[in-house]
(Lines of atoms letter the chains of each structure in order from A and count residues from 1; the text may use other names and numbers.)
(Lines give C-alpha, C1' and ligand atoms only; values in the text may rest on other atoms or scores of the structure.)
Protein backbone atom coordinates (compact mmCIF):
# COMPACT_ATOMS: atom_id res chain seq x y z
CA UNK A 1 0.00 0.00 0.00
CA UNK A 2 1.40 3.35 -1.02
CA UNK A 3 1.40 6.02 1.67
CA UNK A 4 0.68 9.46 0.37
CA UNK A 5 3.27 12.05 1.26
CA UNK A 6 2.06 15.15 3.10
CA UNK A 7 1.37 18.14 0.90
CA UNK A 8 4.19 20.59 0.57
CA UNK A 9 3.92 23.88 2.40
CA UNK A 10 2.79 26.69 0.12
CA UNK A 11 5.49 29.14 -0.96
CA UNK A 12 3.88 31.83 1.21
CA UNK A 13 4.59 29.76 4.32
CA UNK A 14 8.24 29.33 3.38
CA UNK A 15 8.50 33.08 2.82
CA UNK A 16 6.88 33.75 6.20
CA UNK A 17 9.19 31.33 8.01
CA UNK A 18 12.18 32.82 6.22
CA UNK A 19 11.09 36.33 7.21
CA UNK A 20 10.66 35.34 10.87
CA UNK A 21 14.06 33.63 10.88
CA UNK A 22 15.73 36.68 9.31
CA UNK A 23 14.02 38.94 11.87
CA UNK A 24 15.11 36.67 14.71
CA UNK A 25 18.72 36.61 13.48
CA UNK A 26 18.76 40.37 12.99
CA UNK A 27 17.30 40.97 16.46
CA UNK A 28 19.89 38.71 18.10
CA UNK A 29 22.71 40.41 16.19
CA UNK A 30 21.46 43.88 17.14
CA UNK A 31 21.14 43.10 20.85
CA UNK A 32 24.48 41.27 20.96
CA UNK A 33 26.31 44.10 19.24
CA UNK A 34 24.63 46.70 21.45
CA UNK A 35 25.45 44.84 24.68
CA UNK A 36 29.06 44.11 23.72
CA UNK A 37 29.45 47.71 22.57
CA UNK A 38 28.87 49.21 26.02
CA UNK A 39 31.46 49.24 28.85
CA UNK A 40 31.64 46.21 31.14
CA UNK A 41 30.84 48.40 34.14
CA UNK A 42 27.60 49.42 32.50
CA UNK A 43 26.69 45.81 31.82
CA UNK A 44 27.17 45.08 35.52
CA UNK A 45 24.51 47.67 36.26
CA UNK A 46 21.90 45.44 34.63
CA UNK A 47 22.90 42.58 36.92
CA UNK A 48 22.91 44.89 39.94
CA UNK A 49 19.41 46.08 39.00
CA UNK A 50 18.10 42.51 39.03
CA UNK A 51 19.76 41.83 42.40
CA UNK A 52 18.24 44.98 43.88
CA UNK A 53 14.82 44.07 42.50
CA UNK A 54 15.03 40.60 44.07
CA UNK A 55 16.17 42.11 47.37
CA UNK A 56 13.18 44.47 47.36
CA UNK A 57 10.84 41.54 46.73
CA UNK A 58 12.39 39.61 49.63
CA UNK A 59 11.97 42.56 52.01
CA UNK A 60 8.34 43.02 50.94
CA UNK A 61 7.68 39.34 51.66
CA UNK A 62 9.36 39.42 55.12
CA UNK A 63 7.90 42.71 56.37
CA UNK A 64 4.27 41.49 56.59
CA UNK A 65 5.40 38.44 58.58
CA UNK A 66 6.84 40.68 61.32
CA UNK A 67 3.75 42.88 61.32
CA UNK A 68 1.46 39.82 61.51
CA UNK A 69 3.40 38.46 64.52
CA UNK A 70 3.08 41.86 66.20
CA UNK A 71 -0.71 41.74 65.75
CA UNK A 72 -0.79 38.25 67.27
CA UNK A 73 1.37 39.41 70.18
CA UNK A 74 -1.02 42.25 70.95
CA UNK A 75 -4.05 39.98 70.57
CA UNK A 76 -2.56 37.52 73.09
CA UNK A 77 -1.75 40.33 75.56
CA UNK A 78 1.99 39.76 75.32
CA UNK A 79 4.57 42.40 76.25
CA UNK A 80 3.89 45.63 74.38
CA UNK A 81 7.61 46.22 73.89
CA UNK A 82 7.95 42.94 72.00
CA UNK A 83 5.03 43.83 69.73
CA UNK A 84 6.37 47.33 69.12
CA UNK A 85 9.79 45.89 68.28
CA UNK A 86 8.21 43.70 65.61
CA UNK A 87 6.19 46.62 64.23
CA UNK A 88 9.36 48.72 64.10
CA UNK A 89 11.14 45.86 62.35
CA UNK A 90 8.43 45.63 59.68
CA UNK A 91 8.59 49.41 59.19
CA UNK A 92 12.36 49.23 58.76
CA UNK A 93 11.98 46.46 56.19
CA UNK A 94 9.34 48.45 54.27
CA UNK A 95 11.53 51.55 54.44
CA UNK A 96 14.57 49.68 53.16
CA UNK A 97 12.47 48.26 50.32
CA UNK A 98 11.30 51.73 49.27
CA UNK A 99 14.86 53.08 49.51
CA UNK A 100 16.18 50.27 47.33
CA UNK A 101 13.39 50.87 44.80
CA UNK A 102 14.64 54.42 44.34
CA UNK A 103 18.27 53.25 44.19
CA UNK A 104 17.30 50.61 41.65
CA UNK A 105 16.32 53.31 39.16
CA UNK A 106 19.51 55.21 39.91
CA UNK A 107 21.50 52.08 39.05
CA UNK A 108 19.39 51.06 36.05
CA UNK A 109 18.72 54.28 34.14
CA UNK A 110 22.35 55.11 33.15
CA UNK A 111 22.80 51.54 31.88
CA UNK A 112 19.58 51.70 29.90
CA UNK A 113 20.50 55.03 28.34
CA UNK A 114 23.95 53.74 27.35
CA UNK A 115 22.41 50.59 25.85
CA UNK A 116 19.82 52.53 23.84
CA UNK A 117 22.50 54.91 22.54
CA UNK A 118 24.44 51.89 21.31
CA UNK A 119 21.32 50.69 19.45
CA UNK A 120 20.80 54.16 17.93
CA UNK A 121 24.41 54.20 16.75
CA UNK A 122 24.05 50.75 15.17
CA UNK A 123 20.84 51.89 13.46
CA UNK A 124 22.42 54.92 11.81
CA UNK A 125 25.48 52.89 10.83
CA UNK A 126 23.28 50.22 9.23
CA UNK A 127 20.93 52.66 7.45
CA UNK A 128 23.87 54.46 5.87
CA UNK A 129 25.32 51.12 4.72
CA UNK A 130 22.16 50.12 2.82
CA UNK A 131 22.23 50.33 -0.98
CA UNK A 132 20.83 53.30 -2.88
CA UNK A 133 17.81 51.26 -3.95
CA UNK A 134 16.54 51.11 -0.36
CA UNK A 135 16.80 54.86 0.10
CA UNK A 136 15.09 55.52 -3.23
CA UNK A 137 11.99 53.66 -2.00
CA UNK A 138 11.84 54.69 1.66
CA UNK A 139 9.73 57.46 3.22
CA UNK A 140 11.58 59.55 5.80
CA UNK A 141 8.37 60.16 7.76
CA UNK A 142 7.60 56.45 8.03
CA UNK A 143 11.21 55.66 8.84
CA UNK A 144 11.30 58.23 11.66
CA UNK A 145 8.17 56.82 13.26
CA UNK A 146 9.38 53.21 12.96
CA UNK A 147 12.66 54.15 14.61
CA UNK A 148 11.04 56.27 17.32
CA UNK A 149 8.52 53.61 18.28
CA UNK A 150 11.09 50.85 17.93
CA UNK A 151 13.55 52.50 20.33
CA UNK A 152 10.69 53.30 22.71
CA UNK A 153 9.53 49.69 22.51
CA UNK A 154 13.00 48.38 23.28
CA UNK A 155 13.21 50.75 26.25
CA UNK A 156 9.89 49.45 27.59
CA UNK A 157 10.94 45.81 27.07
CA UNK A 158 14.26 46.36 28.84
CA UNK A 159 12.61 48.10 31.79
CA UNK A 160 9.99 45.35 32.12
CA UNK A 161 12.55 42.55 32.05
CA UNK A 162 15.02 44.03 34.53
CA UNK A 163 12.69 45.77 36.96
CA UNK A 164 9.47 43.72 36.95
CA UNK A 165 9.66 40.19 35.54
CA UNK A 166 12.30 38.73 37.86
CA UNK A 167 10.93 40.48 41.00
CA UNK A 168 7.37 39.35 40.21
CA UNK A 169 8.41 35.73 39.78
CA UNK A 170 10.42 35.81 43.00
CA UNK A 171 7.70 37.66 44.94
CA UNK A 172 4.97 35.30 43.75
CA UNK A 173 6.97 32.18 44.62
CA UNK A 174 8.04 33.61 47.97
CA UNK A 175 4.46 34.61 48.83
CA UNK A 176 3.10 31.17 47.96
CA UNK A 177 5.89 29.54 50.00
CA UNK A 178 5.17 31.86 52.94
CA UNK A 179 1.46 30.99 52.64
CA UNK A 180 2.32 27.28 52.88
CA UNK A 181 4.57 27.81 55.90
CA UNK A 182 2.63 30.45 57.85
CA UNK A 183 -0.95 29.91 56.69
CA UNK A 184 -2.18 26.70 55.02
CA UNK A 185 -1.56 24.63 51.89
CA UNK A 186 -5.10 25.19 50.58
CA UNK A 187 -4.57 28.95 50.86
CA UNK A 188 -1.35 28.61 48.88
CA UNK A 189 -3.18 26.48 46.28
CA UNK A 190 -5.85 29.18 45.80
CA UNK A 191 -3.19 31.86 45.35
CA UNK A 192 -1.18 29.71 42.95
CA UNK A 193 -4.27 28.84 40.88
CA UNK A 194 -5.33 32.49 40.68
CA UNK A 195 -1.88 33.67 39.58
CA UNK A 196 -1.48 30.81 37.07
CA UNK A 197 -4.93 31.39 35.53
CA UNK A 198 -4.34 35.12 35.31
CA UNK A 199 -0.93 34.74 33.64
CA UNK A 200 -2.16 32.05 31.22
CA UNK A 201 -5.06 34.18 30.00
CA UNK A 202 -2.77 37.21 29.93
CA UNK A 203 -0.35 35.51 27.55
CA UNK A 204 -3.02 34.25 25.16
CA UNK A 205 -5.28 37.29 25.31
CA UNK A 206 -2.46 39.75 24.82
CA UNK A 207 -1.85 38.28 21.35
CA UNK A 208 -5.33 39.40 20.27
CA UNK A 209 -4.71 42.90 21.63
CA UNK A 210 -1.28 42.92 20.00
CA UNK A 211 -2.81 42.24 16.57
CA UNK A 212 -5.06 45.26 17.01
CA UNK A 213 -2.03 47.33 17.98
CA UNK A 214 -0.09 46.10 14.94
CA UNK A 215 -2.88 47.33 12.66
CA UNK A 216 -3.03 50.68 14.46
CA UNK A 217 0.75 51.04 14.29
CA UNK A 218 0.79 50.45 10.52
CA UNK A 219 -1.86 53.12 9.94
CA UNK A 220 0.02 55.54 12.19
CA UNK A 221 3.25 54.95 10.27
CA UNK A 222 1.43 55.60 6.99
CA UNK A 223 0.06 58.88 8.37
CA UNK A 224 3.49 59.95 9.57
CA UNK A 225 4.86 59.19 6.12
CA UNK A 226 2.40 61.69 4.63
CA UNK A 227 3.50 64.35 7.14
CA UNK A 228 7.19 63.66 6.62
CA UNK A 229 6.94 63.94 2.85
CA UNK A 230 5.01 67.21 3.17
CA UNK A 231 7.59 68.76 5.50
CA UNK A 232 10.51 67.70 3.31
CA UNK A 233 8.80 69.36 0.33
CA UNK A 234 7.42 72.34 2.26
CA UNK A 235 8.87 74.93 -0.11
CA UNK A 236 7.38 73.25 -3.16
CA UNK A 237 4.01 72.81 -1.42
CA UNK A 238 3.89 76.52 -0.66
CA UNK A 239 4.99 77.46 -4.18
CA UNK A 240 2.19 75.36 -5.68
CA UNK A 241 -0.38 76.61 -3.12
CA UNK A 242 -1.52 73.04 -2.39
CA UNK A 243 -1.41 73.23 1.42
CA UNK A 244 -5.11 72.32 1.65
CA UNK A 245 -4.64 69.28 -0.56
CA UNK A 246 -1.69 67.98 1.45
CA UNK A 247 -3.36 68.64 4.81
CA UNK A 248 -6.50 66.90 3.52
CA UNK A 249 -4.51 63.78 2.61
CA UNK A 250 -2.85 63.84 6.01
CA UNK A 251 -6.21 64.26 7.74
CA UNK A 252 -7.59 61.17 5.97
CA UNK A 253 -4.58 59.18 7.12
CA UNK A 254 -5.05 60.47 10.68
CA UNK A 255 -8.71 59.46 10.65
CA UNK A 256 -7.76 55.93 9.61
CA UNK A 257 -5.14 55.85 12.36
CA UNK A 258 -7.66 57.15 14.91
CA UNK A 259 -10.16 54.42 14.05
CA UNK A 260 -7.53 51.70 14.33
CA UNK A 261 -6.28 52.96 17.68
CA UNK A 262 -9.83 53.27 19.00
CA UNK A 263 -10.44 49.59 18.19
CA UNK A 264 -7.16 48.73 19.87
CA UNK A 265 -7.96 50.64 23.08
CA UNK A 266 -11.44 49.08 23.26
CA UNK A 267 -9.91 45.60 23.01
CA UNK A 268 -7.29 46.49 25.60
CA UNK A 269 -9.87 47.92 28.03
CA UNK A 270 -12.18 44.91 27.81
CA UNK A 271 -9.27 42.55 28.25
CA UNK A 272 -8.11 44.49 31.33
CA UNK A 273 -11.56 44.23 32.92
CA UNK A 274 -11.57 40.46 32.37
CA UNK A 275 -8.14 40.06 33.95
CA UNK A 276 -9.10 42.21 36.93
CA UNK A 277 -12.20 40.06 37.41
CA UNK A 278 -10.02 36.94 37.63
CA UNK A 279 -7.80 38.52 40.28
CA UNK A 280 -10.70 39.84 42.34
CA UNK A 281 -12.47 36.47 42.25
CA UNK A 282 -9.37 34.49 43.22
CA UNK A 283 -8.25 36.84 45.96
CA UNK A 284 -11.78 37.10 47.34
CA UNK A 285 -11.82 33.32 47.59
CA UNK A 286 -8.47 33.35 49.39
CA UNK A 287 -9.54 36.06 51.82
CA UNK A 288 -12.87 34.29 52.45
CA UNK A 289 -11.05 31.04 53.14
CA UNK A 290 -8.73 32.76 55.62
CA UNK A 291 -11.62 34.51 57.36
CA UNK A 292 -13.43 31.19 57.76
CA UNK A 293 -10.35 29.59 59.30
CA UNK A 294 -9.95 32.53 61.70
CA UNK A 295 -13.57 32.18 62.82
CA UNK A 296 -13.01 28.46 63.38
CA UNK A 297 -9.87 29.21 65.38
CA UNK A 298 -7.57 27.50 62.91
CA UNK A 299 -5.76 30.75 62.11
CA UNK A 300 -5.02 33.83 64.18
CA UNK A 301 -6.00 37.46 63.58
CA UNK A 302 -2.39 38.08 62.63
CA UNK A 303 -2.72 35.41 59.93
CA UNK A 304 -5.72 37.29 58.56
CA UNK A 305 -3.68 40.50 58.46
CA UNK A 306 -0.81 38.60 56.81
CA UNK A 307 -3.15 37.14 54.19
CA UNK A 308 -4.70 40.52 53.43
CA UNK A 309 -1.27 42.14 53.10
CA UNK A 310 0.02 39.42 50.79
CA UNK A 311 -3.12 39.59 48.67
CA UNK A 312 -2.83 43.36 48.28
CA UNK A 313 0.86 43.09 47.42
CA UNK A 314 0.28 40.31 44.93
CA UNK A 315 -2.74 42.09 43.44
CA UNK A 316 -0.71 45.26 42.95
CA UNK A 317 2.32 43.42 41.54
CA UNK A 318 0.35 41.20 39.17
CA UNK A 319 -1.85 44.04 37.97
CA UNK A 320 1.26 46.16 37.38
CA UNK A 321 2.86 43.27 35.51
CA UNK A 322 -0.32 42.81 33.43
CA UNK A 323 -0.13 46.40 32.26
CA UNK A 324 3.59 46.03 31.66
CA UNK A 325 3.13 42.77 29.78
CA UNK A 326 0.49 44.26 27.50
CA UNK A 327 2.72 47.27 26.96
CA UNK A 328 5.62 44.89 26.35
CA UNK A 329 3.66 43.02 23.67
CA UNK A 330 2.92 46.31 21.96
CA UNK A 331 6.52 47.36 22.46
CA UNK A 332 7.66 44.08 20.95
CA UNK A 333 5.45 44.70 17.92
CA UNK A 334 7.00 48.15 17.47
CA UNK A 335 10.47 46.72 18.05
CA UNK A 336 10.00 44.02 15.38
CA UNK A 337 9.18 46.72 12.81
CA UNK A 338 12.44 48.38 13.84
CA UNK A 339 14.35 45.09 13.61
CA UNK A 340 12.98 44.57 10.08
CA UNK A 341 15.25 47.42 9.01
CA UNK A 342 18.24 45.29 10.03
CA UNK A 343 17.09 42.43 7.79
CA UNK A 344 17.79 44.66 4.79
CA UNK A 345 21.12 43.50 3.33
CA UNK A 346 23.87 46.10 3.57
CA UNK A 347 26.51 46.75 0.95
CA UNK A 348 29.39 44.37 1.49
CA UNK A 349 32.64 44.92 -0.40
CA UNK A 350 34.95 43.62 2.32
CA UNK A 351 38.05 41.96 1.01
CA UNK A 352 37.79 43.59 -2.40
CA UNK A 353 40.58 45.49 -4.13
CA UNK A 354 41.60 49.03 -3.31
CA UNK A 355 41.29 51.68 -5.98
CA UNK A 356 44.45 51.75 -8.12
CA UNK A 357 46.52 54.90 -7.84
CA UNK A 358 46.77 56.78 -10.02
CA UNK A 359 43.60 56.09 -11.99
CA UNK A 360 44.64 56.34 -15.62
CA UNK A 361 41.50 55.21 -17.40
CA UNK A 362 37.91 54.26 -16.62
CA UNK A 363 36.40 52.24 -19.46
CA UNK A 364 32.63 51.96 -19.88
CA UNK A 365 31.63 49.32 -22.43
CA UNK A 366 28.03 48.87 -23.56
CA UNK A 367 26.69 49.63 -20.09
CA UNK A 368 22.89 49.78 -19.81
CA UNK A 369 20.61 49.78 -16.78
CA UNK A 370 17.04 48.86 -15.90
CA UNK A 371 15.56 49.52 -12.46
CA UNK A 372 13.94 46.63 -10.56
CA UNK A 373 10.49 47.99 -11.41
CA UNK A 374 11.25 47.47 -15.12
CA UNK A 375 11.90 51.12 -15.94
CA UNK A 376 14.65 51.43 -18.54
CA UNK A 377 17.03 54.18 -17.42
CA UNK A 378 20.12 53.80 -19.60
CA UNK A 379 20.65 52.50 -23.10
CA UNK A 380 23.95 50.70 -23.85
CA UNK A 381 26.68 53.34 -23.61
CA UNK A 382 30.43 53.24 -24.14
CA UNK A 383 33.06 55.84 -23.24
CA UNK A 384 36.49 56.34 -21.69
CA UNK A 385 37.32 58.70 -18.83
CA UNK A 386 41.06 59.41 -18.75
CA UNK A 387 43.33 61.10 -16.29
CA UNK A 388 44.11 64.70 -17.25
CA UNK A 389 41.19 64.87 -19.68
CA UNK A 390 37.55 65.91 -19.53
CA UNK A 391 34.82 63.67 -20.92
CA UNK A 392 31.31 65.08 -21.28
CA UNK A 393 27.99 63.22 -21.34
CA UNK A 394 25.59 65.36 -23.30
CA UNK A 395 21.92 64.47 -23.42
CA UNK A 396 18.38 65.47 -22.70
CA UNK A 397 16.64 64.89 -19.40
CA UNK A 398 15.90 61.20 -18.83
CA UNK A 399 18.64 59.92 -21.11
CA UNK A 400 20.45 58.18 -18.25
CA UNK A 401 23.35 60.58 -17.64
CA UNK A 402 22.92 60.64 -13.85
CA UNK A 403 22.24 56.91 -13.82
CA UNK A 404 25.64 56.28 -15.38
CA UNK A 405 27.24 58.50 -12.73
CA UNK A 406 25.57 56.38 -10.03
CA UNK A 407 26.84 53.20 -11.66
CA UNK A 408 30.39 54.62 -11.66
CA UNK A 409 30.04 55.14 -7.89
CA UNK A 410 28.68 51.59 -7.39
CA UNK A 411 25.45 53.00 -5.97
CA UNK A 412 23.75 50.45 -8.23
CA UNK A 413 25.28 47.23 -9.55
CA UNK A 414 26.33 46.98 -13.18
CA UNK A 415 24.11 44.28 -14.64
CA UNK A 416 24.58 45.01 -18.35
CA UNK A 417 27.94 45.67 -19.98
CA UNK A 418 31.13 46.34 -18.01
CA UNK A 419 33.06 49.11 -16.27
CA UNK A 420 36.77 48.78 -15.55
CA UNK A 421 39.33 50.98 -13.80
CA UNK A 422 42.84 50.52 -15.16
CA UNK A 423 41.56 47.23 -16.54
CA UNK A 424 40.19 46.03 -13.17
CA UNK A 425 36.44 45.22 -13.20
CA UNK A 426 34.47 47.68 -11.08
CA UNK A 427 32.77 44.78 -9.26
CA UNK A 428 36.16 43.74 -7.81
CA UNK A 429 36.89 47.17 -6.29
CA UNK A 430 35.86 48.20 -2.77
CA UNK A 431 32.90 50.61 -3.03
CA UNK A 432 33.81 52.83 -0.08
CA UNK A 433 37.41 53.13 -1.23
CA UNK A 434 36.18 54.08 -4.69
CA UNK A 435 33.85 56.74 -3.29
CA UNK A 436 36.59 58.19 -1.12
CA UNK A 437 38.68 58.71 -4.27
CA UNK A 438 35.75 60.17 -6.22
CA UNK A 439 34.10 63.57 -5.81
CA UNK A 440 30.68 64.20 -7.30
CA UNK A 441 28.94 67.54 -7.65
CA UNK A 442 25.25 66.74 -8.17
CA UNK A 443 22.59 69.14 -9.33
CA UNK A 444 20.95 69.01 -5.88
CA UNK A 445 23.86 68.61 -3.47
CA UNK A 446 23.32 67.39 0.07
CA UNK A 447 23.76 70.02 2.76
CA UNK A 448 23.95 69.55 6.52
CA UNK A 449 22.55 71.79 9.24
CA UNK A 450 26.06 72.81 10.19
CA UNK A 451 28.68 75.45 9.46
CA UNK A 452 29.81 76.36 5.96
CA UNK A 453 33.27 75.01 6.82
CA UNK A 454 31.85 71.60 7.79
CA UNK A 455 29.74 71.44 4.63
CA UNK A 456 32.84 71.97 2.50
CA UNK A 457 35.36 69.83 4.39
CA UNK A 458 32.88 67.31 5.86
CA UNK A 459 35.10 67.33 8.93
CA UNK A 460 35.02 69.05 12.31
CA UNK A 461 38.73 69.82 11.94
CA UNK A 462 39.31 70.97 8.36
CA UNK A 463 42.70 71.88 6.92
CA UNK A 464 42.65 75.73 6.86
CA UNK A 465 44.80 76.12 3.73
CA UNK A 466 42.92 73.52 1.68
CA UNK A 467 39.66 75.10 2.83
CA UNK A 468 40.80 78.57 1.73
CA UNK A 469 41.94 77.31 -1.68
CA UNK A 470 38.67 75.43 -2.25
CA UNK A 471 36.60 78.50 -1.32
CA UNK A 472 38.56 80.70 -3.71
CA UNK A 473 38.41 78.19 -6.56
CA UNK A 474 34.64 77.80 -6.15
CA UNK A 475 34.15 81.60 -6.16
CA UNK A 476 32.75 81.57 -2.59
CA UNK A 477 34.96 84.31 -1.11
CA UNK A 478 32.30 87.00 -1.45
CA UNK A 479 29.73 84.79 0.26
CA UNK A 480 32.07 84.10 3.17
CA UNK A 481 32.67 87.82 3.64
CA UNK A 482 28.93 88.52 3.74
CA UNK A 483 28.17 85.86 6.34
CA UNK A 484 28.01 87.10 9.94
CA UNK A 485 30.34 84.40 11.27
CA UNK A 486 32.26 83.71 8.08
CA UNK A 487 32.92 80.06 7.37
CA UNK A 488 31.55 79.13 10.82
CA UNK A 489 28.06 80.38 9.89
CA UNK A 490 25.39 77.69 10.00
CA UNK A 491 23.70 77.37 6.60
CA UNK A 492 20.40 75.87 7.81
CA UNK A 493 18.73 72.53 7.26
CA UNK A 494 19.50 71.26 3.73
CA UNK A 495 21.35 74.55 3.16
CA UNK A 496 18.11 76.52 2.84
CA UNK A 497 19.82 79.72 4.02
CA UNK A 498 21.79 79.69 0.75
CA UNK A 499 20.58 80.25 -2.79
CA UNK A 500 20.59 77.42 -5.32
CA UNK A 501 23.71 78.79 -6.99
CA UNK A 502 25.49 79.18 -3.65
CA UNK A 503 24.69 75.59 -2.73
CA UNK A 504 26.16 74.41 -6.04
CA UNK A 505 29.33 76.39 -5.42
CA UNK A 506 29.58 74.87 -1.92
CA UNK A 507 29.30 71.43 -3.55
CA UNK A 508 32.07 72.33 -6.02
CA UNK A 509 34.27 73.59 -3.17
CA UNK A 510 33.61 70.32 -1.35
CA UNK A 511 34.68 68.32 -4.39
CA UNK A 512 37.88 70.33 -4.80
CA UNK A 513 38.67 70.06 -1.08
CA UNK A 514 38.58 66.25 -1.30
CA UNK A 515 41.35 66.30 -3.94
CA UNK A 516 39.94 63.19 -5.64
CA UNK A 517 41.25 61.01 -8.42
CA UNK A 518 37.90 61.14 -10.21
CA UNK A 519 35.73 64.24 -10.49
CA UNK A 520 32.10 63.94 -11.62
CA UNK A 521 30.11 67.11 -12.35
CA UNK A 522 26.43 66.17 -12.69
CA UNK A 523 24.65 69.29 -13.98
CA UNK A 524 26.87 71.10 -11.49
CA UNK A 525 26.45 74.55 -13.05
CA UNK A 526 22.73 74.48 -13.85
CA UNK A 527 21.82 76.98 -11.10
CA UNK A 528 24.66 79.43 -11.83
CA UNK A 529 24.55 82.63 -13.81
CA UNK A 530 26.50 82.63 -17.06
CA UNK A 531 29.48 84.64 -15.77
CA UNK A 532 29.96 82.51 -12.64
CA UNK A 533 29.46 79.34 -14.70
CA UNK A 534 32.19 80.32 -17.14
CA UNK A 535 34.58 81.26 -14.32
CA UNK A 536 34.04 77.92 -12.58
CA UNK A 537 34.38 75.95 -15.79
CA UNK A 538 37.67 77.74 -16.47
CA UNK A 539 38.88 76.81 -12.98
CA UNK A 540 37.88 73.17 -13.44
CA UNK A 541 39.52 73.17 -16.86
CA UNK A 542 42.75 74.44 -15.31
CA UNK A 543 42.66 71.75 -12.61
CA UNK A 544 41.62 68.91 -14.93
CA UNK A 545 45.17 67.62 -15.31
CA UNK A 546 44.91 66.28 -11.76
CA UNK A 547 41.70 64.32 -12.25
CA UNK A 548 39.85 61.93 -14.49
CA UNK A 549 36.89 64.24 -15.09
CA UNK A 550 33.35 63.44 -16.22
CA UNK A 551 30.95 66.30 -16.98
CA UNK A 552 27.26 65.39 -17.14
CA UNK A 553 25.20 68.11 -18.82
CA UNK A 554 22.34 68.94 -21.15
CA UNK A 555 24.03 72.20 -22.18
CA UNK A 556 26.23 72.07 -25.33
CA UNK A 557 28.04 75.20 -24.11
CA UNK A 558 29.21 73.32 -21.02
CA UNK A 559 30.09 70.20 -23.04
CA UNK A 560 32.27 72.35 -25.29
CA UNK A 561 34.94 72.54 -22.60
CA UNK A 562 35.52 68.77 -22.81
CA UNK A 563 38.15 66.81 -24.71
CA UNK A 564 35.57 64.20 -25.69
CA UNK A 565 31.78 64.42 -25.83
CA UNK A 566 29.40 61.48 -25.81
CA UNK A 567 25.82 62.21 -26.74
CA UNK A 568 23.40 60.04 -24.81
CA UNK A 569 20.57 58.20 -26.48
CA UNK A 570 17.12 58.68 -24.93
CA UNK A 571 15.77 55.63 -23.04
CA UNK A 572 13.14 54.88 -25.67
CA UNK A 573 15.70 54.48 -28.41
CA UNK A 574 18.11 51.64 -28.95
CA UNK A 575 21.72 51.12 -29.82
CA UNK A 576 25.00 52.26 -28.40
CA UNK A 577 25.39 55.89 -27.46
CA UNK A 578 29.01 55.98 -28.54
CA UNK A 579 28.06 54.92 -32.04
CA UNK A 580 25.68 57.85 -32.28
CA UNK A 581 27.93 60.65 -31.07
CA UNK A 582 31.52 60.77 -29.89
CA UNK A 583 33.69 63.67 -30.96
CA UNK A 584 36.81 65.47 -29.89
CA UNK A 585 36.29 69.16 -29.19
CA UNK A 586 38.78 71.73 -30.32
CA UNK A 587 41.07 72.89 -27.50
CA UNK A 588 39.39 75.55 -25.36
CA UNK A 589 41.47 75.42 -22.20
CA UNK A 590 44.34 77.85 -21.67
CA UNK A 591 47.77 76.45 -22.40
CA UNK A 592 46.59 73.74 -24.77
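Numbers here mean position along the shown chain, with the first residue as 1.
Placement of Cβ uses the backbone N, Cα and C atoms for every residue, glycine included.
Checking the ranges 46-71, 72-97 against TrEMBL, the transmembrane segment annotation falls on 46-71.
Feature annotation (TrEMBL): of 139-160, 161-182, 227-248, the stretch labelled transmembrane segment is 161-182.
It is 188-206, from the ranges 17-35, 112-130, 188-206, that TrEMBL records as transmembrane segment.
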